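Taken from Swiss-Prot as is:
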- Cys146, Cys149, Cys203, Cys206: Zn(2+) 1 binding site (BINDING)
- Cys163, Cys166, Cys189, Cys192: Zn(2+) 2 binding site (BINDING)
- 4-68: domain 'J' (DOMAIN)
- 146-153: repeat 'CXXCXGXG motif' (REPEAT)
- 163-170: repeat 'CXXCXGXG motif' (REPEAT)
- 189-196: repeat 'CXXCXGXG motif' (REPEAT)
- 203-210: repeat 'CXXCXGXG motif' (REPEAT)
- 133-215: zinc finger (ZN_FING)
Amino acid sequence: MPTDYYEILGVSRDAGKEDIKRAYRRLARKYHPDVNKEPGAEEHFKEINRAYEILSEPETRNRYDRFGEAGVSGGAAGFDPDNMGGFADIFETIFSGFGGMGGQATARRRTGPTRGEDLRLDFRLKFREAVFGGEKEIRIRHLETCQTCKGSGARPGTSSRTCTTCSGTGQVRRATRTPFGTFAQVSVCPTCDGAGEVIEEKCDVCGGSGRRQETKKLKITIPAGVDNGMKLRVAREGDAGLKGGPPGDLFVYLTVETDAEFQREGNDIKSDITISYIQAILGCTIKVNTVDGQEDLTIPAGTQPNTVLILENKGVPKLGNPVSRGDHRITVKISIPTRVTGEERELLEKLAKVRGETVGKGGIEGFLGNIFHK
């Protein structure tokens with residue numbers, strides 16, 4: 001095995017502690033046997049760990065710099081797993097994603113109060129409900145603190161005791177000696193499952209969990225102007241916490257149904273209306289539907305097909321500022337008849353003569369088409 005530990009980590013001899021730590025993290029991830037299956041990767045991984053063990057501690061690094069491998073060959077003789085310090089911490093950090101040396105995930109102490117889990121609820125709104133908002137009633141199922149044991153998980157009149165296996169830490173640590181150094185494996189305590197406490201007489205109602213699944217009705221406020229895909233946070237309505245920890249939050253994800261008449265574009269509302277060719281030529285005032293009800297819309301004389309007319313401040317309220325609203329944009333469609341009565345034909349032919357136009361091959365219908373494309 002090469003004994004130039006600086007070369008193994010790819011650092012210079014004057015490298016600082018942080019440089020050595022970064023090099024170790026990078027190489028350990030790359031050559032860990034659970035990740036790298038190439039021949040020789042496991043042996044190189046052992047070399048990397050040995051190099052970091054020597055160079056990360058000032059005392060052993062100094063001996064190595066002065067005497068080489070001979071100065072550190074007995075460095076593991078007085079090893080104490082409880083005094084691993086930074087090496088254990090960095091090792092747990094690096095391999096927390098895919099388990100420790102023994103293949104088990106590293107554990108973090110979780111004996112204190114723990115916040116409850118957040119919950120998600122998908123909720124559908126009609127188009128106008130999203131525009132104007134309002135109060136809605138919902139039903140959720142979440143975990144609430146057991147009222148029989150008050151969240152302790154123990155039968156009333158009894159209490160839990162500190163786990164003797166892990167001394168209340170919720171995790172156990174084991175040191176493994178190898179020819180290449182000594183490593184620590186940290187895992188969840190098998191006796192208390194990481195709780196740090198053992199409940200000998202469990203609550204009959206919640207089975208020792210300290211929480212019960214309950215159905216609850218809530219009234220939530222939908223702000224005016226919400227849109228499809230938005231989420232609302234309802235504080236403290238998620239699952240109850242453990243050991244006095246705060247509850248999680250409820251997140252309501254909104255789906256807005258489409259409307260047969262209106263479309264939304266940002267804070268503007270869009271719709272179409274159809275008028276007759278006479279109304280388009282002469283102009284008029286008509287009633288149109290909006291989300292607020294019917295409104296008067298003035299059609300200017302000579303309005304062309306696909307003209308967009310705007311009703312200001314009749315769109316969607318701006319989220320957080322409902323006094324300010326978008327506009328309602330109305331696209332005008334013009335209906336040109338495919339057939340006309342004899343009286344209508346006579347009048348239209350007179351109009352064509354007044355305009356100095358001849359009725360061509362397209363007939364009166366072609367004449368009307370020409371009017372709206374000039």
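From the backbone N, Cα and C atoms, a Cβ is placed for every residue, glycine too.
Between the repeat 'CXXCXGXG motif' (203-210) and the stretches 146-153, 163-170, 189-196, Cβ pairs under 8 Å are most numerous for 146-153.
Only sequence-distant pairs (6 or more apart) were considered; of these, at least three Cβ pairs between the repeat 'CXXCXGXG motif' (163-170) and the repeat 'CXXCXGXG motif' (189-196) are under 8 A, so the stretches are in contact.
Each of Gln147, Thr148, Lys150, Gly151, Ser152, Gly153, Ala154, Lys202, Asp204, Val205, Gly207, Gly208, Ser209, Gly210, Arg211, Arg212 belongs to the same chain as Cys146, Cys149, Cys203, Cys206, is absent from that list, and has a C-beta within 8 angstroms of the C-beta centroid marking the Zn(2+) 1 site. Annotated Zn(2+) 2 site Cys163, Cys166, Cys189, Cys192; additional same-chain residues within 8 Å of its Cβ mean position, judged by their own Cβ, are Thr164, Thr165, Ser167, Gly168, Thr169, Gly170, Gln171, Val172, Pro190, Thr191, Asp193, Gly194, Ala195, Gly196, Glu197, Val198. A sphere of 10 angstroms centred on the C-beta of Cys206 (Zn(2+) 1 binding site) encloses 21 other C-beta atoms. Distance between Cα atoms for Cys192 (Zn(2+) 2 binding site) and Cys206 (Zn(2+) 1 binding site): 17 Å, as a whole number.
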